[in-house]
């Protein structure tokens with residue numbers, strides 16, 4: 001996720017975080033009220049009803065959810081598990097867990113059916129990064145990382161192989177405030193692309209998680225103000241495009257909803273960004289093209305609270 005700012009810094013929507021004079025605040029509030037009264041309020045996203053059949057009419061047989069929880073323990077305190085129980089996925093993928101496996105909250109054992117649980121976290125950085133994969137069905141095989149030491153120190157990738165597909169959940173490195181990790185991010189993108197291409201050559205692939213990039217201008221509220229910010233630099237967008245082409249993979253949400261605006265999965269905690277829907281689409285389900293005939297729906301659960309990201313859900317008819 002894009003890093004949170006400080007007072008006087010540039011915010012995720014491109015505005016400078018300043019304290020306005022009271023007179024200016026009053027005028028701004030009045031203008032806002034006038035706009036909302038005229039039906040010109042925040043542009044919100046309404047998740048349409050779930051489509052649970054494939055293009056050929058086959059009913060969905062698999063439901064996968066992915067959520068950047070921004071800290072597993074805090075997310076549980078914010079009732080994130082209540083949403084999971086209601087959504088009832090077959091597989092749940094979590095990113096930015098910030099929790100080592102030996103300190104996992106006991107509440108995770110209460111999740112109905114998701115008894116096969118796999119976790120990865122940095123060995124030397126408590127409270128940083130981390131991913132989890134929880135499944136009803138036992139995978140054929142589970143592995144961790146992408147097989148390159150430089151990129152496997154931060155607990156960012158879990159791979160689970162099932163009968164008809166391989167699932168990868170990832171928390172892709174952020175380029176950082178001031179783009180201090182952009183060069184590393186570019187090396188990661190190249191290595192990750194090679195790794196995924198190898199997986200996809202053997203079995204259809206599903207990649208999900210916080211990929212830390214808004215691919216196109218439609219995927220964030222203020223593209224013009226963020227072209228030099230982490231998550232929307234030309235280098236990151238190009239890297240994402242190369243990933244789609246080289247593996248190859250399809251963006252499941254844009255495949256189904258190519259022109260749907262205001263569909264975001266991340267909002268900074270600052271400046272009431274979520275209530276205004278000033279957000280970014282950073283979380284994805286990417287699929288091998290051979291799985292598109294099985295694609296029923298790709299959902300953004302924007303009303304689910306508990307993190308600065310919202311969960312996303314994929315339906316497949318396998």
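Cβ coordinates are placed from backbone N, Cα and C, and glycine is handled just like the others.
As recorded in Swiss-Prot:
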{"type": "ACT_SITE", "residues": "171", "note": "active site"}
{"type": "BINDING", "residues": "210, 212", "note": "Mg(2+) 2 binding site"}
{"type": "MOD_RES", "residues": "54", "note": "phosphoserine"}
{"type": "MOD_RES", "residues": "65", "note": "S-nitrosocysteine"}
{"type": "MOD_RES", "residues": "93", "note": "S-nitrosocysteine"}
{"type": "MOD_RES", "residues": "310", "note": "S-nitrosocysteine"}
{"type": "REGION", "residues": "1-60", "note": "region 'Disordered'"}
{"type": "REGION", "residues": "23-33", "note": "region 'Necessary for interaction with NPM1 and for efficient rRNA binding'"}
{"type": "REGION", "residues": "289-318", "note": "region 'Mitochondrial targeting sequence (MTS)'"}
{"type": "SITE", "residues": "212", "note": "site 'Transition state stabilizer'"}
{"type": "SITE", "residues": "283", "note": "site 'Important for catalytic activity'"}
{"type": "SITE", "residues": "309", "note": "site 'Interaction with DNA substrate'"}
**Request:** Note down the number of other Cβ atoms within 10 Å of the Cβ of residue 212 (Mg(2+) 2 binding site), including every protein chain shown.
**Result:** 25
**Item:** Whole-number Å value for how far residue 210 (Mg(2+) 2 binding site) lies from residue 309 (site 'Interaction with DNA substrate') (Cα to Cα)
**Value:** 9
**Message:** Near the residue listed as 'active site' in space, meaning Cα within 10 angstroms, which of the recorded positions do we find among 54, 65, 210, 212, 310?
**Reply:** 210, 212
**Prompt:** Using a Cβ-Cβ cut-off under 8 angstroms and a sequence gap of six or more, which residues of the chain neighbour residue 93 (S-nitrosocysteine)?
**Reply:** 64, 65, 66, 67, 131, 132, 133, 134, 158, 167, 169, 208, 209
**DSSP three-state assignment (helix, strand or coil) for residue 283 (site 'Important for catalytic activity')** = strand
**Asked** Given the recorded positions 210, 212, 283, 310, which one's Cα is the least distant from that of the residue listed as 'phosphoserine'?
**Response** 283
**Request:** Reduce the DSSP letter at residue 310 (S-nitrosocysteine) to three states and note it down.
**Result:** coil
**Alpha-carbon distance [residue 283 (site 'Important for catalytic activity'); residue 210 (Mg(2+) 2 binding site)] in Å** = 4
**Message:** Return the count of C-beta atoms lying within 10 angstroms of the C-beta of residue 54 (phosphoserine), excluding that atom itself.
**Reply:** 20
**Request:** With H, G and I counted as helix, E and B as strand and the rest as coil, say where DSSP puts residue 212 (Mg(2+) 2 binding site).
**Result:** coil
**Request:** Have a look around residue 283 (site 'Important for catalytic activity') and count the other CB atoms within 10 A of its CB, chains all included.
**Result:** 25
**Item:** Alpha-carbon distance [residue 310 (S-nitrosocysteine); residue 283 (site 'Important for catalytic activity')] in Å
**Value:** 9
